[in-house]
């Protein structure tokens, strides 16, 4: 059979490009934490604004009360020399930066840290607050006049004291806020992780499915959003399963219906060949021989389609298993290919180092027969084919190696595609043999590997079947 290379369409750049993905969990955590931090900052600014107002009001009340006290204490010492400090017993007990100022602007009494010049020009009348600058500092001053004695009490406070208090409050709030934000981030991470667990379980369930497994995805989440996604996905899987089942039934029915007429045609060709031997009608005999070869290829294609139709619906869980005698399996598969090997003068050797495995014997026999048939057919005339079974970790490795021309590395990945054939081979075939082997590997939850053949030449194909101790 000739290996015919199928051409494949390369998707356009626009179709092959997919949008860059992002983590929903990280985005949810980032948005919730970011919004919480933003709200926290705005709340902090509001609190500080209110606190600043309350602090100013409290200090202003304190200045006003201080002015009343200074005015009362100053009534008894107004006759002293201007600028002379009052005795200790007449000094206000509070720490006040105060001044007693005459109507002419003379500072009669003042606190230790109060400026020597009046805070406010005495010509300004009215009891009120002033924001002034004195001795290079900003002050908040309250002025209260004594109309009878003709002097005023001016009590001031540096604005830096109020600003420092606001900053102290901010520093006191900063670390608790940072701690709360960290705690909020951890709580958000835990809650979002917990809420997204159903999606993670559903993802693992989908990833655990084989391409042939279209059974519904199990998800017991009570979240309506997850239930709707699961239901939609299961409906899609159901439609796909129905469509593929219809396709398999059509393939199986068509192949089955073709077997009878093909067998009848093959019988008629054999009758015609016996009726018209090559000695009597060489031209007709040659045509009949070519017709018979075409009929054999068609029959082989139908048989392979039937095998695929039988194997496709089976899964690893539903597949029947038994204890398989490995030496007997290898020998039966080699015997089935003996006529083809004899025609090619190919020697088949068997090396069974592993004696038993658990699996479906019929499926494994079909896979090995296809591998040996390919090795003999595509190997060199008078070549060698080695069929072996050995332990490879948790697997039994069933390998078939030849010393033929081999396969180019670029073609290895496509060998299991249905109807794919390597360009340039003149061996009759239909490109389904290795597809059947790959399906058998999937049924057994095994692997199909390609490598070098005998002595570094040819092709080596290994079917890894897991060891099942329950069988």
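Don't overthink the numbers, they just go from 1 along the chain as shown.
Just so you know, glycine gets a Cβ as well, placed from its N, Cα and C.
Per TrEMBL, domain 'HAMP' is recorded for 193-245. When averaged over the domain 'HAMP' (193-245), pLDDT in the model lands at 79.
Positions annotated as domain 'Histidine kinase' by TrEMBL: 253-469.
Look at TrEMBL and you will find 1-21 tagged as region 'Disordered'.
Annotation comment: TrEMBL describes 28-51 (among others) as transmembrane segment. Sequence-distant contacts of the transmembrane segment (28-51) (same chain, six or more residues past either end, CB-CB distance under 8 Å): 166, 169-170, 173, 177, 180-181, 184-185, 188-189, 192.
The annotation transmembrane segment is assigned in TrEMBL to 173-196 (among others).
Cβ atoms under 8 Å from those of the transmembrane segment (173-196) belong to residues 24-25, 28-29, 32-33, 36-37, 40, 44, 47, 223 of the same chain, restricted to positions at least 6 beyond its ends.
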